[in-house]
Each structure stands twice: as C-alpha cells, then as structure tokens.
Amino acid sequence: MQPSLLRSLLFVPGNSEKMLLKALQVHADALVPDLEDSVPKEEKVAARNLVSKMLPSLRAQVHKRVQIIPRVNSFYTQWFEEDLKAVLQLGVSAVTIGKVETAEEMKEIVKAIAEKEKEANLPSNSIKLIPWLETAKGVAYAREICASGSRLAAIAFGAEDFTADMQIERTSSGKEFYHARSWVCTAARASKLPALDSPWPHFRDLQGLEEDCRVAKAMGYKGKFSIHPGNIDIINKQFSPSTKEVEFAKKIVEAFEVARKAGRGSTSVNGTMVDEPVYRRARAVIEQESLLQDSSNASNL
C-alpha cells in the first residue's frame, strides 16, 4: 500500500447489503466489510458470498482514496481459507485478520494470501495485511509478529477480545489494558508500522470517544477502528493535527533549521526547548498535514 490515510476504519457487517451500501456515504479512510465478529456463525457463508459479490461495486462507488479492507475470520477457524479466496480481488488494499498470536502463524497466513493472490491473478504482494493482536499470547509476541514481513500494512489492537482473554472487565477508562495497548503500539513503531486502535464500544458517548481517541493518539496510535458511522468524523478530527499544532510545528522546524545552520544543536520557540527529537516530531506533524491536503485535493477532483 502506498502511504495513505488510515485515521478511521469503519466496520460494516458483511451480512447486511443495506449497511454495506450506506457505508459509502461515510467519510471513513477505510471501509472494513466484516466477516468475523459482527456476523453470527449461521450467516458466515451467506455474508462471505454477499461481500464477495459486492466488493467490485463498492470499489467502483467509493472514492479512490478510500481503502477497502475486508476482515476475514481468524486463521484457525473453518472459514478462513474460503473467506480469503472470496475477498482477494482487484481494488482490495488489504485484509485484516483477528486473533493472531505468533510469528509462525503469521508465516502461514502470509503464505495463504500469496497462494490466493496467485490464484486470483493479482499482482504479487499487492494485498497487504493488518493483523489484530487481541489475546494475551498475541500481545506477548507483538514484537515478533510486527517484524514478520513486508506484507504488513499496520497493526491493530483489540481491547474487547483482550479483556475477555484476560478475564477482566473492560471499563470506559481503559486503564486495565493500558500496558497491552501501549506495548502493541510500541512494537508496531519498532517495525515502522502504524498502529490502529480498538473501536470505542459506547458509540453514543461522543465525549467519551473523544477522550479515548486522545489517549490512543498520545500513546502513538495513528488511527482507530469504528463500529458506528456516527463516530467517524470525531475520529478523523482527533487523529488529524489541528491548525494550531501545524502552525507551531512550522515554527519549530524553521527555528531549528536556522539554529542548525548557525552550528547549534538546540534552540527555543515560545519558551519551549527545541532539539533534534522535537524537530523530528514537528516534521512528522507537517508531513501528516501534507498527506491530509493531498487527500483533500484528490477528493475534490
């Protein structure tokens, strides 16, 4: 996948044609037709067939900047192979797969994708992968999983399954899984991959959503999955730099580059010390803003 926005990723139940079509009106960076958690067992096959049939029309109707990233059932389930075969199509950017637990499992998943990619006559390595780390074992092996190959596009953390696996209550504060949430993000960054945060379950609590996004962003997450279209605008805003942040970043970059030309390794802006790490953070903010502008310009064409 080329560098692109993945601030907001909207889950859409794969067994609902109405909801799949309605999702086209939402300004998410990625649509995630879901064959896993949002689909009951007795409807898995029907959902697979529906998503497979609708993928070409979804791709044709959604803006080209929006990625299509189906979620298939996890590797050890009876549905995995056929799910993968059904969704690997032109116009699909990546697949996302839940409950990945080891680097060895990742190798088997990557092998399966390569085989199905070849069978579908798709360009080699064109379908990327976003694994979910959402069990104690998966989180424990996060570093190895994140380092397991070039097919990875991002890493996702799943709070619901993680707290279920740990046999602990998930609260609104999320403090009970801060360590796991932070560790997954750190492991992803160590492999230069963006980390994507778990959906906010209380989708009508928009204030709570804003705070949850702020916490995730502060940890280093670059985007967030959503289970409700009404949450997308807030997620996009929270994972985008504000005008104030961009303006301050530009001041930092300008001041540091002047200082560097003068032979100094640090300076200050508005009473804030600016050295190399602060400069790099500011550059990252400006680069994200540039990507947002490019996306906005493309949407207006």
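Just so it is clear, glycine is given a Cβ too, placed from its N, Cα and C backbone atoms.
Annotation source TrEMBL lists domain 'HpcH/HpaI aldolase/citrate lyase' at 7-229. What TrEMBL records for R71, E134 is substrate binding site. Positions annotated as Mg(2+) binding site by TrEMBL: E134, D161.
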Let me check the 10 A CB neighbour count of D161 (Mg(2+) binding site). How many other CB atoms are there?
19
The domain 'HpcH/HpaI aldolase/citrate lyase' (7-229) [mean pLDDT, rounded to integer]:
96
